[in-house]
Amino acid sequence: MKNYIQRIIRLFAASDPDKKVTGEIHQWLLDQEHTEEKETALHDLWNETEGKVDQTTWDSLASVYTKVGANSGGRHQPRIRFAYYAAAIALLIVSVSVTFQMTKQHFTETPLIENITPDGRLSTLRLPDGSIVETNSGSILLYPEKFKGETRTVYLIGEANFKVKKNTGQPFIVRSGTMAVTALGTEFNVAAYPEENEMIATLIHGKIKVECDNGKESYIVTPGQQVTYHKSTGKSKLAEANIEDVTAWQKGMYVFRGVTMSAILNELERRYAVTFQYNANLFNDDKFNFRFREKSTLEDILNIMQEVVGGFNHELKGNICYIKRDAKK
């Protein structure tokens, strides 16, 4: 694993990816706003690689750190902190090390393209093979400039809907963490945000194979079914899915069924580009059902939730929303 991490970081240090996208990543990472939240997120992302960092890797990290132009004169620049920043940049640009290990593709021979969908937006793109991908807010899709070798492999952080161009001789694979979805020609949805405990692959039509926990569990999925993998327990299951609910985000709608308030707020953060600040114990592990129409404003949604759930109030200041316990309850 150490060698793969070195390859990823060195590749970024020696590469010249799209300036606009790279600049946006660097700007976000180095901006002082929401520093604590970003450090926590990057810490988790770094831990997902399960890599052991030796001196050689640190040297490569330093190369990346220098390349992004980070200012070493700040108040807090501990060694481990800049590792999270540098490693996260490399991981976001060039994908995680397990992708190299599992696919055995030589991405160093083919430039990688990164499509970043900011919070509050949706995007649609056409891949080199003609496949169409719609990505949800706060998602990152990494794919090669040209698909070479035996498979067409992409890496997803977030949520996306894939309409795959049929090519039986070159299966299409979507990797996200320890989950892999393989298709020949089909349409499916993958939801795999790093901050969520569940990773979900849903088949709309066609046929897919879903592997969880790096291949320890495998499912052949038919239309209308979905595989859910729980990161915390390592367990997965196959069940029937509500396709209308799964694809509602593509129409700008919001459907929540049996989910925690923290999961709902995570989704609203991505869709409205805001940050929620609240006590994690405020809602416990209670589950809720909500369905909001297209073009609903954040204020409308929060007012409805406040009325239905009760026990809290909210105050929106700029891009920060404070949620507090209602003293009257």
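Keep in mind that glycine also has a Cβ here, set from the backbone N, Cα and C atoms.
According to TrEMBL, the feature domain 'FecR protein' maps to 117-208.
Residues annotated as domain 'Protein FecR C-terminal' in TrEMBL: 254-323.
Taken from TrEMBL, the feature transmembrane segment applies to 82-102.
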Practice task
Please work out the helix, strand and coil residue numbers for the domain 'FecR protein' (117-208) from the DSSP assignment.
Solution key: 0 helix, 52 strand, 40 coil
Problem - Secondary structure composition of the domain 'Protein FecR C-terminal' (254-323) [DSSP: H/G/I, E/B, coil] - result: 24 helix, 26 strand, 20 coil
